[in-house]
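S.K.: So Swiss-Prot has the following annotated:
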DISULFID  CYS3-CYS24  disulfide bond
DISULFID  CYS6-CYS11  disulfide bond
DISULFID  CYS17-CYS42  disulfide bond
DISULFID  CYS46-CYS57  disulfide bond
DISULFID  CYS58-CYS63  disulfide bond
Amino acid sequence: LTCLICPEKYCNKVHTCLNGEKICFKRYSERKLLGKRYIRGCADTCPVRKPREIVQCCSTDKCNH
């Protein structure tokens, strides 16, 4: 599995996930409209959502755009 890993909206940095990591995720604050920063990466399970945060998980290559 390969996931995107950069904080910008349009991302093309790809990371090959470790064995056992079967999920790509993207998380970001639902409050910031301008200058939104994304946290992207690989995970073994979908990260838990914090208050006022959006978390999206998927399981195909580069799906966390």
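Cβ coordinates are placed from backbone N, Cα and C, and glycine is handled just like the others.
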S.K.: DSSP secondary structure for CYS58 (disulfide bond), reduced to helix/strand/coil, please.
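M.R.: The three-state answer is strand.
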S.K.: Work out the three-state DSSP category of CYS11 (disulfide bond).
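M.R.: The three-state answer is coil.
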S.K.: I want to verify one value. Collapsing DSSP to three states, which class is CYS42 (disulfide bond)?
M.R.: strand
S.K.: Of CYS3, CYS6, CYS11, CYS24, which disulfide-bonded residues are close to CYS57 (disulfide bond), meaning a Cα within 10 Å of its Cα?
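M.R.: Taking CYS3, CYS6, CYS11, CYS24 one by one, the ones whose Cα falls within 10 Å of CYS57 (disulfide bond) are CYS24.
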S.K.: From the disulfide-bonded residues CYS3, CYS6, CYS11, CYS17, CYS42, pick the residue whose C-alpha lies nearest to the C-alpha of CYS63 (disulfide bond).
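M.R.: Nearest by Cα distance to CYS63 (disulfide bond): CYS3.
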